[in-house]
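Right, one structure below, let's go through it.
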Amino acid sequence: MSSSNPLRDAADRRLPRIAGPSGLVIFGVTGDLSRKKLMPAVYDLANRGLLPPGFSLIGFARREWQDEDFAQEVHDSVKEHARTPFREEVWQQLIQGMRFVQGTFDDDNAFEQLKKTIEELDKAQGTGGNFAFYLSVPPKFFPSVVQQLKKHGLADQKEGSWRRAVIEKPFGHNLQSAQDLNKVVHEVFPPHEVFRIDHYLGKETVQNILALRFANTLFEPIWNRSYVDHVQITMAEDIGIGGRAGYYDGIGAARDVIQNHLLQLLALTAMEEPASFDADALVAEKTKVLGAVKLPKDLGKETVRAQYAAGWQGGEKAVGYLQEDGIDPKSKTDTYAAVKLEIDNRRWAGVPFYLRTGKRLGRRVTEIAVVFQRAPHSPFDHTATEELGQNAIVIRVQPDEGITMRFGSKVPGTSMEIRDVSMDFAYGESFTESSPEAYERLILDVLLGDSNLFPRLEEVETSWRILDPIEEYWDAHGKPAQYEAGTWGPVEADEMLARDGRSWRRP
Ligand SMILES: NC(=O)c1ccc[n+]([C@@H]2O[C@H](COP(=O)([O-])OP(=O)(O)OC[C@H]3O[C@@H](n4cnc5c(N)ncnc54)[C@H](OP(=O)(O)O)[C@@H]3O)[C@@H](O)[C@H]2O)c1
């Protein structure tokens, strides 16, 4: 779909994109995501002048709160987590449109109350009937909330206004469940009004992959099998599962991170140049490259799953996964997953893409490392280059956003000795503007109806097609390997790369 607003398409893209009359309903507003990310993002957007004057925010949850209690909760979360400074005048304007609706998801009266509240805000705040419903709730409730919206006429698309659904991840836990969920959602909302969140796509550094590749001439000529040896995509967390046992156990690292974030990073790194940056063109290229992903022949050797065992992290003792509160001591859930994928097309044939993610690893870092082949011939003698690694371009997605290029350079002195050096671009040093939070960008895009940064169903389905056979193999074969908390994962993952004559980066 191209943007729903052709006039905006023609507009100068440097002008601020300001949402038109609209409101946001957050289901699960008392949850962790809402408090840490969504409510602060709404305030930051307001503070940057990107929301319309009558913007309205409705919280829906079970607590017996009044509007004032909800406003106080938003206030506290903004003070604690917002990116931009607190300004009383912005806050005073924002609370004019803040309302709370109390109820559970099966409570018809609560949805009727929500309907009344929206109608009242349309009149009082001029929201024009335009509302986005953000489902920040446990995934098992996605279908019931969507069906309640339909039952109470809240999803009706009226002439001249819109109703949108924003659905958090995970979108299903395998291909079949993703398709089932989609069926329910599309019976209620038209496809272009459904926004599936993969918050990685809202990150500046992830969008910058496209800028790096397609706004420059330097990189694209070498971005292929003739020059690239392999690609490593890593998302490492240093924390354990915290209080999220209920969510995590049975899901695991591969479903939680590889199916969405890492395969999206692979798609952006490997896809062909889209004809334009319209959502349709982007999705077509991402889906095409994901569709060309080839699973390893030997899933036993070329995938690894593991669980963290007790260890030390940041000077503190960490318990193993099976000893965490709320975890079944016989759980086979993966807290670490690594897979080797190839892409069956002319650009990438024979180039492995190694993807890994894990909890309780050495450091919190997300990066894409494009590692280049060694020079085909070296005029230097072996001792000159024995410490020289392979050239690499590393896109650092978080935490210290930027790009590093690694190449060999002569060590100062009278002998010829060549060693790795790096050249660094850091966002913080090159730009005075700080990067908006991913959720700021994504909420604004929802209100603008701009779906470029939201995975479409085709991509979600294709990603499950990649992961499902791996999960099925793991279910049928043995137990997860183990790794000590605070290390860089299981020895089996090191062996997987060693068999290819390679090793994981230690970021
Ligand atoms: N947290 C993250 O960083 C993160 C990251 C990525 C994706 N997500 C996704 O975002 C969504 C929300 O995550 P979360 O971490 O915020 O979850 P959470 O802390 O468990 O919050 C869930 C919310 O749903 C509400 N809720 C649960 N059952 C309900 C019911 N029967 N009726 C009414 N309300 C009910 C809870 O209200 P009560 O307060 O009344 O229990 C709470 O507001 C999930 O889909 C998750 O997968 C979260």
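Glycine is no exception: its Cβ is also placed from the backbone N, Cα and C atoms.
Record check: TrEMBL places His199, Lys203, Asp256, Lys359 at the substrate site, and the matching candidate among Glu237, Glu273, Glu342, Glu386 is Glu237. Between the listed binding-site residues, namely Arg62, Lys169, Lys203, the fewest other CB atoms within 10 angstroms of a CB are found at Arg62. Under DSSP, His261 (active site, proton acceptor) is assigned to a helix (H, G or I) in the three-state scheme. Distance between Cα atoms for His199 (substrate binding site) and His261 (active site, proton acceptor): 8 Å, as a whole number. Highlighted here would be the recorded positions (Lys203, Asp256, His261, Lys359) whose C-beta falls below 6 Å from ligand 1, but none qualifies.
Over all protein chains present, the Cβ of Glu237 (substrate binding site) has 18 other Cβ atoms lying within 10 Å. Taking CA atoms as the reference points, Asp256 (substrate binding site) and Arg62 (NADP(+) binding site) are 27 Å apart.
Summarising the environment of His199 (substrate binding site), the number of other Cβ atoms within 10 Å of its Cβ, over all protein chains shown, is 19.
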